[in-house]
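Note sheet for the following structure.
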Amino acid sequence: MGAAMSRPAPKSFHVKSFGCQMNVYDGARMAELLEGQGMSAAESADEADLIVLNTCHIREKAAEKVYSDIGRIVKKAEGDKPMIAVAGCVAQAEGAEIPRRAPAVDIVVGPQAYHNLPRLVAEAAEGKRALDTDMPAASKFDALPKRRRQGPTAFLTVQEGCDKFCTYCVVPYTRGAEISRPWAAIVDEAKALVDAGAREITLLGQNVNAWAGEDGAGRPQGLDGLIRALDALPGLARLRYTTSHPNDMSDGLIAAHGEVAKLMPFLHLPVQAGSDRILKAMNRSHDAASYLELIDRVRAVRPDIAISGDFIVGFPGETEAEFEETLTIIRAVNHAQAFSFKYSPRPGTPAATMDGQIAAAVMDERLQRLQALLNEQQHGFNLATVGRRCDVLIERDGKKPGQRIGKSPWLQSVIVENGPAIGELVTVDIVAAGPNSLNGVVVAEQKAA
Ligand code: SAH
Ligand code: SF4
Ligand code: F3S
């Protein structure tokens, strides 16, 4: 494939990640890997010799983005175009089809093969077209370099893949079967992240609460055991995890929300829809009642917990009445935040060929109604925080001089004036709330962070 013209090895790179947090994590690991090869991170894509597009295949729009991006890169490049690598879930799903459609692409690398990126870059420099979408049994994690400098918050992938096969979803095909990283590897990486400056770690997995393994003493453990072990890490202030599946919400994990000090009161637990018939057609294996019961049990141990979710409108065959059942479950749960999407048929998934595909206009109208309700709930949740005193982990500068932005325990963005340093955990009085953020005043007398 391709013209066998050799080219200089790239000296600088730029990684652009789309999609979920796991892609953000993978993007950071690819950057570390390329830096380990002596390449430097370019300020922007325009200045990079190598551009890595770390793609998402979850919905049609997300998948098409890669091709418009490639078009833009080629158009912008004066003279020699940069080396282009397509990584992530589109790479896994479309493989060799990508360079056929976009000949400017030099490298295609799947989410389980990116530890081979240095070899693929070398092959591309020799003028070959390099492709690796293997899903090897050997863990890519072992082949990755040690974690480097971190901001105050870090992602840590502990689990990958999905065995749930919801009928609309590509993830089981792009990320493969569920695997759990070993206990010791996770604890070591968490320590390295804390040593490198992280104060908050978010444990990641497509089904993070399906994590299973053995601790150092050989005892079987679930995600709750892992969370309890990480709670003991000195220097770490906060723990979060995402994304969870209702079926894997164990008693132990629920209990942890009432007991583990560093575990933040936030739970992203997608229900997708409120109609039992639709949930069944989605192959979700929970129903509306069992989901609500789960939420009750979590709230019983942690009454202030912020609940987040994902929703799909317009799944094939969804009637107006069934859609309204989604509104009903949203009202019953009362969310702190949520993501919602129009159903997007994905090639190769069972739902794509089901009868009763819903017209775009109907989906638009349903999504608007659903989002209006979710926005109202989010604003209501934010307003209910006004008057509370809470810890805020300062993450970045705000727009105005002296302003800083951090996160509340419930994952709301909090803007504070006369900024404490980035990375500080400060006590803040929440004084105002908008739909998307809170305003806080740093309490003068601080406890030791
Ligand atoms: N593993 C997670 C997240 C998967 S992807 C989970 O099971 O919750 C994130 C969200 O994208 C899903 O929760 C779902 O709401 C949405 N999604 C997945 N496939 C989709 C599709 N074909 N069309 C529209 N939304 C989709
Ligand atoms: Fe996709 Fe369902 Fe797996 Fe989530 S649980 S990744 S929605 S198949
Ligand atoms: Fe997208 Fe792949 Fe994540 S399809 S949502 S990048 S697992």
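Heads up, the Cβ atoms here are built off N, Cα and C, so glycines get one too.
In TrEMBL, the [4Fe-4S] cluster 1 site is described by Cys20, Cys89, and among Cys56, Cys162 the residue recorded at this site is Cys56. Proximity to ligand 2 at the level of Cβ atoms, with a cut-off under 6 angstroms, picks out Cys162 from the binding-site residues Cys20, Cys56, Cys162. Apart from the site residues Cys20, Cys56, Cys89, the chain places the Cβ of Phe18, Gly19, Met22, Asn23, Thr55, His57, Ile58, Ala62, Gly88, Val171, Thr174 no farther than 8 Å from the centroid of the site's Cβ atoms, the recorded [4Fe-4S] cluster 1 location. Filtering Cys162, Cys166, Cys169 by Cβ distance to ligand 3 (under 6 A) retains none of these binding-site residues. Cβ crowding, taken as the number of other Cβ atoms within 10 Å, peaks at Cys169 among the binding-site residues Cys20, Cys169.
When secondary structure is read from DSSP and collapsed to three states, Cys89 ([4Fe-4S] cluster 1 binding site) falls in the helix class.
In sequence order, Gln272, Met282, Asn283, Arg284 are the residues of the chain that are 6 or more apart from Cys166 ([4Fe-4S] cluster 2 binding site) and have a CB within less than 8 Å of its CB. Broken down with DSSP, the domain 'MTTase N-terminal' (11-126) shows 60 helix, 22 strand, 34 coil.
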